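Input: a single structure, listed below in structure tokens.
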Amino acid sequence: MQTTSSTPRTTPRQNSPQRIQPNAADKEDSATEESSYTLPSDPFPEGGFQAWCTVAGATIVQFCGFGLYTTSYGVYQGQCIHFYRRDYLTQSSSSAISWIGSINVFILVSGGLICGRLFDRGYFRHLVYGGIFIQCFSLFMLSLCQREQYYQIFLAQGLGIGIGAAMLYLPSIAVISHYFHKRRRALAMTIVASGSSLGAAINPIMLNNTLHRMGFANAVRASAGLITGLLLIASLLMRTRLPPPERRQAVLESLPRFARDLPYVLAVIGMTFYQIGFYFLLFYLQLDSISHGNSETFSFYSLVIMNAASFVGRLSPGFFAHRFGVLNMITFSAGAGGILVLCMIALGSLASVVVIAVLFGYSVGVFVTLMAPLFAVLTDDMGELGLRMGVGFGVVGLGCLIGPPINGALLTSNNIWWRPAVFSGIMALIGFSFLLSTIIVVRRKSRIAKETELVEKGEKREV
């Protein structure tokens, strides 16, 4: 993001801090007033010990939240032959079991609309400590859940862990902007985003080796103990640096303006449709591989392969986004992901599982990493970026909510795999088409702006 020449400069540390206030023209042009901050002498250090400690803490949060028990939910879904469908929830359908994971993802993603507002009001520490307590408490409660008690697992893993992770997710990302602005923000955000893929790759290995040896309860307790320790370390590493804004935007007044922003609307719709489709592989790749005759040991590690590729995919935008563009990269990854979901129809051999897992994992890594930067690209006024992200993720979360249960209903107890594959692939490609439309609208808007600028320059020369 480029700062304009009108950006106020801060005074040295020995002087009183300068307050940035919106001028009268800004108040008249905008439906809401831009936030004002009291900035320290060095607004964005672009590094330093505390900055990188905060990056490390945020990475740990992503590792424990989005990685261990959200992205890797397929461990439970894939192993439901032994636990959720044959042992723990034998009377529950695949669709019902999928609701546990989809509710978890929905709360985590959509919770940013509430948690983001609390973060803006200065409740960072409250969110962090509250999120740690709720997430860790829910994990230990999950270990106490009894067989056939669907509501217990739903409350612990679906609602409890989802709420706790949501309280940590957006604040751990937003706090990075307190230290990085231009030069190293892409690098810092890439490192933080890679934490979830790393956690999703490690958690299946840990659970696959402990569930059989220690049993469900002790395996979950071991995982809960690890997450509790890591999150406490993360809470000590992360620090806010900037004070909360003195004036805040009104959500209801901003929504009509967001709705008139066509590129923003198209992008949100596109990401929502893509979210409906792409969780099919995350939740069902393991079970699909087992049902096609592949060994259980290999199938259990198919998620590890996919999330390892996703880890590489999350690192890639930091090196290529400035060259190819955020919007172009996320659109390409959505199109590739939609095609790969349709390829699940042909899944059968070990080679097909590996190829689909690697390619899809990489494309998903690119897509997920670029979701937040895409909102920044489509935002003209950076003062409303947080609100735009919160509203956008709130809508996108609906795709996470309805996709997996529909896939489970289409799968049925007879494991008819082509039905959910076709549905998910079509939804993902619809999302790709909306993102492609966003590119067209953005380029047209840019071309019109350039033509208008040339006309204005010509008129000035004539005068």
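A Cβ is built for glycine as well, from the same backbone N, Cα and C atoms used for every other residue.
Per TrEMBL, the feature compositional bias 'Low complexity' maps to 1-19.
As annotated by TrEMBL, domain 'Major facilitator superfamily (MFS) profile' applies to 58-445.
Look at TrEMBL and you will find 1-39 tagged as region 'Disordered'.
The transmembrane segment annotation in TrEMBL covers 96-115 (among others).
If you look up TrEMBL, you'll see 127-144 (among others) marked as transmembrane segment. When Cβ-Cβ distances below 8 Å are used as the criterion, the transmembrane segment (127-144) is approached by residues 64-65, 69, 115, 118-119, 152-153, 155-157, 159-161, 163-168, 171-172, 216-218, 220-221, 223-224, 227-228, 231-232, 235, 238 of the same chain, each at least six residues removed from its ends.
Sequence annotations record features per position, and here TrEMBL assigns transmembrane segment to 150-174 (among others). Through the fold, the transmembrane segment (150-174) approaches residues 57-58, 61-62, 64-66, 69-70, 76, 84, 88-89, 91-92, 96, 99-101, 103-112, 115-116, 119, 124, 127-128, 130-139, 141-142, 144, 189, 192, 231, 234, 238, 372, 386, 390, 393 of its own chain, all at least 6 residues removed from its boundaries and within a Cβ separation under 8 Å.
TrEMBL lists 186-207 (among others) with the feature transmembrane segment. Outside the transmembrane segment (186-207), and at least 6 residues removed from its termini, the chain residues within Cβ reach (under 8 Å) are 51, 55, 58-72, 74-75, 172-173, 176, 179-180, 219, 222-223, 226, 300-301, 303-304, 307-308, 310-311, 313-315, 317-318, 321-322, 365, 368-369, 372-373.
Same-chain neighbours of the transmembrane segment (219-238): 53-54, 56-58, 60-61, 63-64, 68, 128-129, 132, 135-136, 139-140, 142-143, 168, 172, 175, 203, 206-207, 210-211, counting only residues six or more beyond its ends whose CB sits under 8 Å from a CB of the stretch. What TrEMBL lists as transmembrane segment is 219-238 (among others).
The feature transmembrane segment is assigned by TrEMBL to 264-286 (among others).
The transmembrane segment feature in TrEMBL is assigned to 298-315 (among others).
Residues or ranges marked as transmembrane segment in TrEMBL: 327-347 (among others).
TrEMBL lists 353-378 (among others) with the feature transmembrane segment.
What TrEMBL lists as transmembrane segment is 385-404 (among others). Sequence-distant neighbours of the transmembrane segment (385-404) (same chain, 6+ residues past either end, Cβ-Cβ under 8 Å): 98-99, 101-103, 105-114, 116-117, 119-120, 170, 174, 249, 251, 254-255, 258, 264, 267-268, 271-280, 283, 371-372, 375-376, 378-379, 424, 427.
The annotation transmembrane segment is assigned in TrEMBL to 416-442 (among others).
Tertiary neighbourhood of the transmembrane segment (264-286): same-chain residues 71, 73-75, 77-79, 98, 101-102, 105, 258, 299-300, 302-303, 306, 327, 334, 337-338, 340-341, 344, 353, 356-357, 360, 364, 367, 371, 374-375, 378-379, 388, 392, 395-400, 402-404, 406-407, 411, 420-421, 423-435, 437-438, 441, selected by CB-CB distance under 8 Å and a gap of 6+ residues from either end. Mean pLDDT of the predicted structure over the domain 'Major facilitator superfamily (MFS) profile' (58-445): 84.
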